[in-house]
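Novice: Pasting a structure below so you can have a look.
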Amino acid sequence: MDFWTGIEALRAKQGARIADLLTDDTRTARLRAAAGPFVFDLSKTSITGDALNDLLALAVDVPDRRDAMFAGEKINATEGRAVLHTALRGTEPVIVDGADVMPGVRDTLDAMRAFASDVRDGTFQGQGGRITDVVNIGIGGSDLGPAMAVLALAPFHDGPRCHFVSNVDGADWADTAKTLDPATTLVIVASKTFTTIETLTNARTARDWMAESVTDPTAQFAALSTAQDKTSDFGIDPSRVFGFEDWVGGRYSVWGPIGLSLMLAIGPRNFDAFLTGARQIDDHFRTAPLAENLPVLLALAGIWHHQVCGYPTRAVLPYDNRLSRLPAYLQQLEMESNGKGVTMAGDPLQGPAGPVVWGEPGTNGQHAFYQLIHQGKTPVPCEFMVAAEGSEPLLDHHHKLLIANCLAQSEALLKGRSHAEARATIANRFEGEELERQAAHRVFEGNRPSTTLIYPRLTPEVLGGIIALYEHRVFVEGVMLDINSFDQWGVELGKELATSLGPLVDGADASDKDASTRALLEQLLEWRG
Ligand SMILES: O=P(O)(O)OC[C@H]1O[C@](O)(CO)[C@@H](O)[C@@H]1O
């Protein structure tokens, strides 16, 4: 059946009360999947067994397309590229254009390991001695992955301190640089294309900063890029350039050279564990039946909530403070991949593609935006995640509270509180009409959907697995929607216009701009003096 016809038919199957569904004792076992160190529960959604079967039927193309991706076929059709981030953590040969890519992947990983070890044990020195700090300059996929992962794996750090500069706002560089000594800092310029204006601007500023203090301004620079001619033009010695191929998308690139800062922080062995965790999920995704396949079930929950139920956003709520950058990471992964408007054939989509993805760690969000999640009129499907154990054994009483809060939120969303229940909680304080009015404000509709991902503890392996789960989820949703999840043409127009606006900020003629832009520019220029 055509996807959108199937979605239309599924709309008639909405409306079950989640609490009623959960009275079926078999539901939690059926709407739950396990893979590697993860258990994923989607029983607190309104997906019935019948609807799940229909959703699975709409995923019929997934196995073939999945196998095509892993085999190196050029499934990124608008850019004519294979999609092989899985090869960066793979072990088996993958043939692209008649050649196995794996020897190159292994050589690059070995070079990264050797360089990271040299920096970590002091064999590679800065001009003022041992490297104490690393600054990764990159943006988007060349920043979010390593920045998120370095923070997530803080308990595993035993290398130099890592910093991340991404924004072209000079404040980002300035605030970071003032904590650093150029003579003992390694600067990594991370840019797949090595043309991104933010990254090159920050990298040039960093080079000038180095030049003020050390003899050789680029001797402590490394580059991560597919464009090795451009890294040489910048002045970075090829021995410190870690290349990758165009079949690695920016937002899928943390597994290879773009992960160098992570490898420097946690060491090659832990980085290998990170890759292993992702590979476990790759194996699961390739072999588990669709109905037990964790990324597939994540995707089906996504399709159910966005395309069937029409909920416009989805919240990612890790009860894991060190995953505080995960929502931002997933925003790029999901919204740059599936924020599309046309099918593979270029026809307008008949409905929405990816939802708005947002979130913050719990419990912080509870004291901020959960009010809307509980009582706002538009349901927000919530994706909770929590570890059985925290990484701070001496603070286990904190972790118990974290677990309790995570489970309490999904329970509250599910159960809600009726008017009668609300009234009972305040009947000793109010009466008559005032009691009714006060109670109305304390009603929770309930029946709000959520899913929960649990794992034993946040380790490199588990983090690798979480990212891979979401990568494959995005892929499955993309296949079902018949969109290209691997291009990002939507970012181009703004880049072009920024280039044309540059001279206007210097006072050039703005007459070809629209009236609003002209007026804003005029005021800004007046204030700039
Ligand atoms: O690594 P690069 O080429 O500097 O690109 C950075 C980011 O910019 C984008 O191209 C979007 O502008 C992302 O897809 C990418 O991750």
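Each Cβ is built from the backbone N, Cα and C atoms, and glycine gets one as well.
The annotation active site, proton donor is assigned in TrEMBL to E336. Positions annotated as active site by TrEMBL: H367, K495.
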Novice: Taking the Cβ of the residue listed as 'active site, proton donor' as the centre, count every other Cβ atom within 10 Å, in any protein chain shown.
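Specialist: If we count other Cβ atoms within 10 Å of the residue listed as 'active site, proton donor', we arrive at 22.
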Novice: Can you grab the distance from H367 (active site) over to E336 (active site, proton donor)? Cα atoms, rounded to a whole Å.
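Specialist: Rounded to a whole number, the Cα-Cα distance is 29 Å.
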Novice: Have a look around H367 (active site) and count the other CB atoms within 10 A of its CB, chains all included.
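Specialist: A 10 Å sphere around the Cβ of H367 (active site) contains 9 other Cβ atoms.
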Novice: Only counting partners 6 or more residues apart, tell me which same-chain residues put their Cβ under 8 Å from the Cβ of K495 (active site).
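Specialist: Expected: I197.
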